Amino acid sequence: MGSSFGHLFRISTFGESHGGGVGVVIDGCPPRLEISEAEIQFELDRRRPGQSKITTPRKEADQCEILSGVVDGKTLGTPIAIVVRNKDQRSQDYSEMQVAYRPSHADATYDAKYGIRAVAGGGRSSARETIGRVAAGAIAKKLLREIAGVEIVGYVKRIKDLEGQIDPETVTLEQVESTIVRCPDEAIAPQMIDLIEAIGREGDSLGGVVECVARRVPRGLGEPVFDKLEADLAKACMSLPATKGFEIGSGFAGTEMTGSEHNDAFYTDEQGQIRTRTNRSGGTQGGISNGENIVIRVAFKPTATIRKEQETVTNSGEATTLAARGRHDPCVLPRAVPMVEAMVALVLCDHLLRQQAQCSWW
């Protein structure tokens, strides 16, 4: 229950952080799409641990293996299974957590729900679960590019009180990947890196905001009323580990405007297309894409597992303290960028197929 996502382009992820491996089964991918392990690996390398001095030191190659659904570099239209083997586990680092709950982590709630949990690495609550999402997202991105020319670019917008000034209309993947913190603001990125390093030395952690833009999204995607495009985007992004907030377009800032200030005025461009002069709606109106760029923001809390000693209780309710061992990100934001991109791609891909199925007959 709860490990599958999507309707026509549907994924199911599997595996635990310290188990044999993690992965995904993708059902509904159209046949004859050219895809390679190298294309999937590119996205996984952006997500993998140990990639820089500001991420977890856990060393995993995260090498993907396509088990089914692809032959001679083309999809068959049958389920695609992708697996990544776990290699660098240190389960002994979690011995104290057999009985002591990590504050603000899923330990206590998993115990409350299931009466059992995978202590080492956090099991399914670990961010290693997102390997399957990112792998599936690589295929969804390729499909969106091939069918509609959609481009998806995510980046770190904010860490703590440091906020980058980035234009979602023009930002490129190359700019994002030019810095280990994945903030393409050249003035702010070094400050973010210094802040993450400093807080890591203290045994603490930081949160922030990832912004993501999807360009050239076709009009008409979204299924009112309960499957509005922004509703599905919110669900997708909020299902990622450590997420605590979602905005689209002007978001909460729109509450400070009047209707005349917030409304996006229509006009007809030189190609005869109906466009909007501003994009405070963030690319959707009435739950349906309007052809403008879709711009979302996702808030991530500070990493829950930290080395600083904290008050907590045991699974029997006794007061204790916990200074967590293990290898954890002092800030999840740099590695969260490809995760957000993947979830946006999965939603858009699913809705594109749904739109084709329902509304392209005549």
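Every residue gets a Cβ built from N, Cα and C, even glycine.
Fair warning: this is a prediction, and the values are worked out from it, not measured in the lab.
Feature annotation from Swiss-Prot assigns NADP(+) binding site to Arg47; the stated evidence is sequence analysis. A C-beta separation below 8 Å, combined with a sequence spacing of at least six in one chain, links Arg47 (NADP(+) binding site) to Asp62, Thr130, Ile131, Val134, Arg335, Pro338, Met339.
Swiss-Prot lists Arg124, Ser125, Ser126, Gly286, Lys301, Pro302, Thr303, Ala304, Thr305, Arg327 with the feature FMN binding site, giving sequence analysis as the kind of evidence. Its Cβ placed at the centre, Thr305 (FMN binding site) has 23 other Cβ atoms within 10 Å. In this structure, Thr305 (FMN binding site) belongs to neither helix nor strand by DSSP; it is coil.
Counting only residues at least six positions away in the same chain, the Cβ atoms of Ser3, Glu16, Ala118 sit under 8 Å from the Cβ of Arg124 (FMN binding site).
Per the record's binding annotation for FMN, residues Arg124, Ser125, Ser126, Gly286, Lys301, Pro302, Thr303, Ala304, Thr305, Arg327 show a top Cα-Cα distance of 44 Å. Shown are the binding-site residues Ser126, Thr303; the one with the most C-beta atoms within 10 angstroms of its own C-beta is Thr303.
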